[in-house]
Amino acid sequence: MSSDNSKQDKQIEKTAAQKISKFGSFVAGGLAACIAVTVTNPIELIKIRMQLQGEMSASAAKVYKNPIQGMAVIFKNEGIKGLQKGLNAAYIYQIGLNGSRLGFYEPIRSSLNQLFFPDQEPHKVQSVGVNVFSGAASGIIGAVIGSPLFLVKTRLQSYSEFIKIGEQTHYTGVWNGLVTIFKTEGVKGLFRGIDAAILRTGAGSSVQLPIYNTAKNILVKNDLMKDGPALHLTASTISGLGVAVVMNPWDVILTRIYNQKGDLYKGPIDCLVKTVRIEGVTALYKGFAAQVFRIAPHTIMCLTFMEQTMKLVYSIESRVLGHN
């Protein structure tokens, strides 16, 4: 009995630490994501180039064979700076995307739980349907906000003076990329591939936090682990693998749509059909090793740091706004 009460107290304490404003949630989520992307940006870079190589060709030579070999090739030709291409765009994008995806998930979930389960405490309800919808909804918000930045980031990271993969577009930086796209392609150009971005991010977000929270609850309820960094690490690892499997096909599609400037693809479904028809179904999992190599540590760091940034922001809000 005392063991059950102890578990309940821990859950209540944890929930209280994350009971912050929507703006605070956005800030905490964005901050956690920026810390993570600093480490994982080089892996994102090689993932993009692996996804683009062999585009619309089943027999093209593979310059980048795996993430480690690929990063070694980039380092040899472009140096450390080359491995961190697009980092500034990645920071701004992460604030928009993950600030929304990580920050708005709990407020949306809580509101829906209050609506559908009025007789229960919202933070104690674990409805798969509500969790998945909340994850997808918060992800879609982030995808819309961050789409122009992801577009510029993709083009910055795919460009290389040494090994040309896919369509090459040279921008001097984030602002130059945004201005150039606006001048040449208009507002529509800035939101090129927004439908693919929504599919990609919605798919990944629909499983990221639901898997994370479900894994934590199962591990704690069955006395397999106690709440703390080890639990957060384990649950986020499981979540990262789930995200990689679900998101990779749409990630390939989005990368290709973002990188092309013409009308090679009419939309995400057209790109999906052409990719499978010409390169085979396995093309949808191009760069999967890099995806796992990136998304697993990125998710681990994002979700683990989010636990801490949520508590940090909550403590600041408590002092400034007088939260209980």
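Note: Cβ is positioned from N, Cα and C throughout, glycine not excepted.
For the repeat 'Solcar 1' (20-111), the model gives a mean pLDDT of 85. Under the heading repeat 'Solcar 1', Swiss-Prot lists 20-111.
Each residue of the repeat 'Solcar 2' (126-218) gets a DSSP state, and the totals for helix, strand and coil are 73 helix, 0 strand, 20 coil. Taken from Swiss-Prot, the feature repeat 'Solcar 2' applies to 126-218.
Annotation comment: Swiss-Prot describes 227-312 as repeat 'Solcar 3'.
What Swiss-Prot lists as transmembrane segment is 26-46 (among others), and the listing cites sequence analysis.
Taken from Swiss-Prot, the feature transmembrane segment applies to 79-99 (among others), supported by sequence analysis.
Annotation source Swiss-Prot lists transmembrane segment at 132-152 (among others), citing sequence analysis. Proximity of distant same-chain residues to the transmembrane segment (132-152), defined by a Cβ-Cβ separation under 8 Å and at least 6 residues beyond the stretch ends, is recorded for 86, 89, 92-94, 96-105, 108-109, 112, 171, 174, 177-178, 181, 190-194, 197-198, 200-210, 254, 258.
Within its own chain, the transmembrane segment (193-213) is flanked in space by residues 97, 101-102, 105, 126, 128, 131-136, 138-140, 142-144, 146-147, 150-151, 235-236, 238-239, 242-243, 246-247, 250-251, 253-254, 257-258, 267-268, 271, 299, 303, which lie at least six positions past its ends and keep a Cβ under 8 Å from the stretch. Annotation source Swiss-Prot lists transmembrane segment at 193-213 (among others), citing sequence analysis.
The feature transmembrane segment is assigned by Swiss-Prot to 233-253 (among others), with sequence analysis given as support.
If you look up Swiss-Prot, you'll see 284-305 (among others) marked as transmembrane segment.
The list of residues near the transmembrane segment (233-253) in space but at least 6 beyond its ends in sequence, with Cβ under 8 angstroms from a Cβ of it, reads 47, 51, 196, 199-200, 203-204, 206-209, 211-213, 215-216, 219, 225, 268, 271-272, 275, 283-288, 291-292, 295-300, 302-304. Residues 20, 64, 67, 70-71, 74, 83-87, 90-91, 94-104, 157, 287, 290, 293-294, 297-298, 301-303, 305-306, 308-310, 312-313 of the same chain lie 6+ residues outside the transmembrane segment (26-46) yet bring a C-beta within less than 8 angstroms of a C-beta in it. Counting residues 6+ beyond its ends, the transmembrane segment (79-99) has Cβ neighbours under 8 Å at 26-27, 29-30, 32-34, 36-38, 41-42, 44-45, 71, 139, 142-143, 145-146, 149-150, 152-154, 156-157, 159-160, 173-174, 177, 201, 302 in the same chain.
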